[in-house]
Every structure is written in structure tokens, then in C-alpha cells.
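Structure, as C-alpha cells:
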Ligand code: ANZ
Ligand code: ZN
């Protein structure tokens, strides 16, 4: 065994051992419990960042730990390889997205391998390869035939200069990112997944996901957004509208009906169109509303704007005439595209009413008891008792809801309705680097799905997009085809799918990644699924997880899998954060400096109190810790860390610095500390192994001092097993190992028995560390004389008897004051303890001249002698 800890050699040797042995390739083994551990697969952006390293280390530690529990562990890896960055890089560097992507994958795979992940690489999937997306297209055609996928017009961001559709993130302040042109909304045909048909199930089965963080479930619930409400009809005022009919609105607050002071419709609403006839001003306003981006964030923050119309509707209960407004805050695609506005109790209506001087009528008493809280500062949107509502006065929310519902039903002007916020999922993208939508458009037959034997529709890989729309739409060799049904000349769809589609089912493909007969092989899928532990960033809490859950149910209903949910347990790892330093530029912007280039001044408590730039010695501002990112220039390159210290140090630092779900603050000192600790472990093992291997431990004849050492070892096993097994707290498990190391370093090594005890201690250290620092553990295990590799070893077992303490320290008090200590056998009775305490030297001294009235014994803790 080498005297120095040499991570480079050790890690290379361990990794090639695992490769040669195919240690992590697994197959269905009916005799063993399975454990499917999955980390969210990366987008091949170029190189790994610390967030990846953290994510994959956590997954790897869990995988390796589960394997030590005797389970058949599957941990696969792959590439979420379609998407816009490849197109952007292609335009910048004039290289095909395919080439760029495959090169990135090769590089990042090397990086991942250098981390020593226990991944079954034989199952690697790459979503931009035809052998993967073929099955996506296959599923698409089946769902299309079933009606779960359908075509309708959807609204997109249209760049009139570049003549192309832009994604929401390509619209900056309402303008195209390249052209700077004002973006228009455009209606184009798109394909939709009918996710709303599963809204109820997606909501309800969240209750079964006990292994998911509450926070994520809440976010999903809010996104699905089920609200119980009513559809209320406001009859047209025939004099102004000129026809019979009624305006339908959706409301979750029918209890506030008597407080409605106007109604508002979306720009696209038929009443808006009607009112705009011969009214150029309104026409212009409607056109303005229709323009602008469709990004939801923009919608939420935009200023409320509106215009009155000459139209009126009648209040369904009072018959009062209410004016019809066109307002930009009313969405056409939600509810009925119209609202009954109750400014007193709805924030948006309130803001609008104040701006346009519309009446505000309070109909709910505030919790402070106010009836007419004038002047109004804000809407009161809580539930409460009705006021100013005639016959409904005095009713609480539920009673008012029911009473008003009945009153409306009696007039045939309202009915209960459940509404979801969730919309159907539009997956058409007018982009090149994505999975082609397997549809052929035929003049005679319409939309014809590509038959199974003609799949996959292969995306040509040698194309360099130029940013002016999808190149596929300009490639007759791609889109010219014949109709699969009638054989007539036809045109292939040139849109590709949202890349969220690929990541919605990859976890299932891993079960049988090379299966040629379908998307998954049923037997393999049933064997591995659902995923036992899924790990990834909180940024995927809503869309990715919702789509994957949706796909799982689609696949279930196609008979491909039998479970209801894809991910049993979910761990959302925290961010990796680091200090930021900057100077403010003349234009108000910030120029960030890399922490490596900054000299830091700390106070006695190590708090940062000043910072200067190394290059010019002048001060920089301290921005606090923030998520590592390019834009803040506070990233640390994992590659550099691994080269400098080895993968084990990186892994140990990451696992020790904080529990997986909390944010992890980068610290060079912490990395150094982790490295020093591994050196200490190595040094102790080196000395021990150098003296030759020890004999077996004779537990029956341990001395008291040896028992103390052995207790420390087993205490660590007990704690670490709880920390890791029950709470994924690897940080405290590492702390346990550190405690044992302190004991072992001081332990005598004189006798055979001493050495056998140290052997047990070092083996325990190697085993507890094995999931976290697998390379050094692999080597230590060999050096400690084991022929079988540590990856096949079991997690250490606790010897309860080692925890038993033979003797206990008891505190002695006289009249409640601490007067001394005694050591007693753990088995001593109360009487024994009392007898020994009575004759204790200091007890005798402090009770001299007094009479002992009472002796209180608290077993294992103290003896209190009451004397007077
Ligand atoms: C009257 C009212 C009074 C409302 C009140 C709220 C508070 P959720 O819960 O998200 O489903 N609404 C309905 N359709 C809309 C549309 N197309 N665009 C914008 N807003 C719309 O929201 C339901 C509420 O959102 C409805 O209840 C309606 O305003 C508004 F004190 O009706 B409410
Ligand atoms: Zn045809």
C-alpha cells in the first residue's frame, strides 16, 4: 500500500475494475428486491456544472447504499438531446446541431465517468437518435388515432421580420430576440395532447405520493388549478345588443353576484367583435390586445387596460343593466372568455374599476366587521358574511353559494361547474432540432398518421439552421411524400415536438432500452417500474413531473405499464450556491468577478467584511451567495476540482456540506477539509496494513478500554444507518465516520486484540464511506485483505451488544448540589448504588453532622442525598 493517498491512481484503478467486471450492468433478477434509482438526465450543453455533479452524486450514493442492502439496483443514464441551444450554437458556429450534440455527449460522458458513477451504461438512451424517438412517434400515432392527440389552432409568437415563430423565451420585452421586431400573435394549426382529460386523476393521485415533498405536490395542485364555481348567464340587453342571447361567465365566487358592477370580455370574444363593428378606436384596441407575446409571465404583469362598449347585459337576479367592457386581463382561453366583475372583492377588477371610475359595491363583510370600508384601498377577497345583497344578507360563503346557485337555477341562468386551470398541451414546435411529428397531410384523406412500418420519420442530421424558420419546411426532400392511405402525393408535417415529450417517458425506456418490439417490453417495465427514487432540481417541479405523470397514465391506458404513477419517491436537491462579487458599471449594470480573482477579508468570526480585486487591488462589492451561474461568474468547474483533488473529495465535500435537499454553499476550505480527511483515513490504514493483517477479534475478552472503542464503532454504524436509510442525511453519516476516526487514531495498536479492533474500525469506515467515496473505499477494502470487492459487500451490521455500557458514571448530589461522581456497573441495583453513595468520601464530608433523610436514585444518572 502506497504511503501517500493518490486519488488519480486509485480512482482510475477502481473505475477500470468496475468496467471490466461490468459491475453495474443489471438484469431482471426475480430472487432479489429491485431498486430503481434515477437522476434527471442532463441536456448535453457542453460540460458538466456543479448542479449536475451534485444531482448525480446524490443519486449514486443512494444507488450504492441500496445495493449494499442487498438489492438489485438499476441506475441508468442518458441524454435529453433535442432542443434550442443546439440550434443556437449551430447558427453561431455554423455546425450542424447533431454534430454539436454528439460531441457534447461524448465529452460529458467522459466527465460523468470520471465521477465514478455506478451507472449501467449499457442502457444509455439518447433522445435525438432514431432508435429512441421512433417509439415516441409510434406512441403519437396510436394516441392520435385514439383522439388523445388532436389538432386545433393555437396562438404563437410571430416575428414578422424573420418570418418565424418564436418560443416565449425568444421574445424579449415584446420583441424578437434577433430581429428586434414587435412580435405579433398568430393562429396556426398545432397538435395537442388532451392532458385535461386526465386533470382529475393527475390531481387525485397526488394524494398517493407519500414519498414526494409536500411543496412539489402543492405546486402541481396549483398548476392543475381545480376550482369549483358556477357558469352564470347575463341576458343580453336587446336594445343595445340587438339580438337575444346571454353572456356566459365563469366565476368561483357566485356569492358576490350582487356586487357585480360591470362585465368584461376578452379581445377575442364575439361580443368584442360585435361592438367593434364601425368603431375604429375599439378595433385598434382589440388589435393591440391580440398583439404582444403569449408568455404567461407577461400576461400577469401587464397593466390592466380596457375600453367601454355601447353594449349592456342584464344582471341575472336584479335585471339591472351592466355595461360590457373589453379588457386585456380577461383571457379568451380560460372559462368562457368573460367575467362578471366584482371590484370590491377581486383584485384585478378592483384595479380596473379604480382606473376607469367604475362603481365598487361591497357585498361581503370584512373580518374587521366593516360594511363600507371607504375609501377603498384594495379588494377584500376573503370569504365572509354577505351584506348589501337583499334576501341573501347574513349568509356565509357556503350558504350564499348554494342560495344564489338555487336562485339562478330557478331562472335557468346558472349551473355549477368545475373548472381547471390546466390547458391541453400544445406540442407543435416550428423548429428543426426535435422529433418530427409523424403525420402526413393529404388533400383527400386529411391528417394521416405515418403507419408503423414506415417509422421512424427520420430527422436529417446534416442541416445547419439559419434562424429564419424551420429548415425542414424548405426541404422538399423531407416533406414531399405520398399519402399512406390513398397513395396520392402528399406533404409531411414539418413541425417537431416539444422536447418535454422525450423527457416524459425516458425513465420507462431504460427498462428495456434496446427492445425492438415496442416502446417498452412489458415484462421488463413491470419489473423495474415505478422508479423507486427520482432525484432532480426543483425547477422541474411542475412541467416535467406533470408531463411524465401524464405520460405514465397514457402508457398505462395503452397497456404498456401497469402502475399508476412513474416516481414513488422524489428528492429535489437544493441549489449549489457561491459568493458573488461585482462592480457597478456606469450604465447601472453589474460586472461580476470570479471568486478566484478576488481577495477576501474576514472578521474574527470568518464573516466576509471586505473584498478587493487581485489584479488592481481596488474594492469590489459583495453580492452575497447566489446560485452558481455563468451570468454571475461564480461557477466552479467540476473538471478542475476532480483533476485537483479527485472525484472522491468532490463527492465527499458535496455530501458532507449539507443535506441533499438544502442548498449547498461552495467553499474552497470545505473541499480542502474533505481532502484532508481522506488523507487521514488513508494514513491510518497505511500504518495498520503495514504491520500485516490482524487476527480475528475476540469479543468475549475485550478490555474496558477496548469496549469503549468498539462502542464508538457500532454507535457510528447505528447512527449512519438511520441517517442514510431513513432521512438521506449523508452529511451526518459522514460526521459519524469522522467521530470514529478520532477514536481510532488514538486507539492503542500494541496487542493483537488492539489491531483486530482497529481492523474492524477501518472496515466500518470503508463501508460507511463506500457509497460516498467509492474509489478510496474500494482500495482500502482490498488492502484490508478482502478478496471480494467492496461493491459486493453488505452495509455494516450493528452489534447491539457492543452498545451496552458495562459501567455508568453517576453524579452525586447533596441537597441538590453537585458533590462528586461514582462509577457503577450498569447492572447495579438501586440499593447497591445507594450503599456506595452513602460511603462516598465527599458525601461523608458534606453530610458531616447532618442526618440523611432521604436518598433519591435516578438510575444511570444521579444520586441525590437529602440531609439536614
Ligand atoms: C367573480 C369574482 C368575484 C371572481 C370575486 C373572483 C373573486 P380561478 O380560481 O383561477 O379559476 N375569471 C373567470 N374567467 C376568466 C377569464 N377568462 N380571464 C380572467 N379571469 C377570469 O379564477 C376564477 C375567477 O377568475 C373567476 O371568479 C373570475 O372572477 C375570473 F370576488 O368571478 B371571479
Ligand atoms: Zn390520401
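For all residues, glycine too, the Cβ spot is worked out from N, Cα and C.
Annotations in TrEMBL come from automatic prediction, not curation.
Here TrEMBL flags 39-171 as domain 'Methionyl/Leucyl tRNA synthetase'. The average pLDDT the prediction assigns to the domain 'Methionyl/Leucyl tRNA synthetase' (39-171) is 94.
Per TrEMBL, the feature motif ''HIGH' region' maps to 42-52. When the motif ''HIGH' region' (42-52) is classified with DSSP, helix, strand and coil residues number 3 helix, 0 strand, 8 coil.
Per TrEMBL, domain 'Leucyl-tRNA synthetase editing' is recorded for 221-408.
Per TrEMBL, the feature domain 'Aminoacyl-tRNA synthetase class Ia' maps to 422-579 (among others).
Residues or ranges marked as domain 'Aminoacyl-tRNA synthetase class Ia' by TrEMBL: 625-664 (among others). Residues 7-8, 10-11, 47-54, 57-58, 60-61, 111, 114-116, 213, 535, 571-581, 592-595, 670-671, 673-675, 677-678, 727-732, 734-735, 769, 772-776 of the same chain lie 6 or more positions beyond the ends of the domain 'Aminoacyl-tRNA synthetase class Ia' (625-664) yet place their CB under 8 Å from a CB of it.
Each residue of the motif ''KMSKS' region' (627-631) gets a DSSP state, and the totals for helix, strand and coil are 0 helix, 1 strand, 4 coil. Taken from TrEMBL, the feature motif ''KMSKS' region' applies to 627-631.
The ATP binding site annotation in TrEMBL covers 630. Within the same chain, no residue at least 6 positions away in sequence has its Cβ under 8 Å from that of residue 630 (ATP binding site).
In the domain 'Methionyl/Valyl/Leucyl/Isoleucyl-tRNA synthetase anticodon-binding' (707-831), the DSSP tally of helix, strand and coil residues is 75 helix, 17 strand, 33 coil. Under the heading domain 'Methionyl/Valyl/Leucyl/Isoleucyl-tRNA synthetase anticodon-binding', TrEMBL lists 707-831.
Contact counts against the domain 'Leucyl-tRNA synthetase editing' (221-408), taken as Cβ pairs under 8 Å, peak for 39-171 among the stretches 39-171, 422-579, 707-831.
Remark: secondary structure over the domain 'Aminoacyl-tRNA synthetase class Ia' (625-664) totals 19 helix, 4 strand, 17 coil, with classes taken from DSSP.
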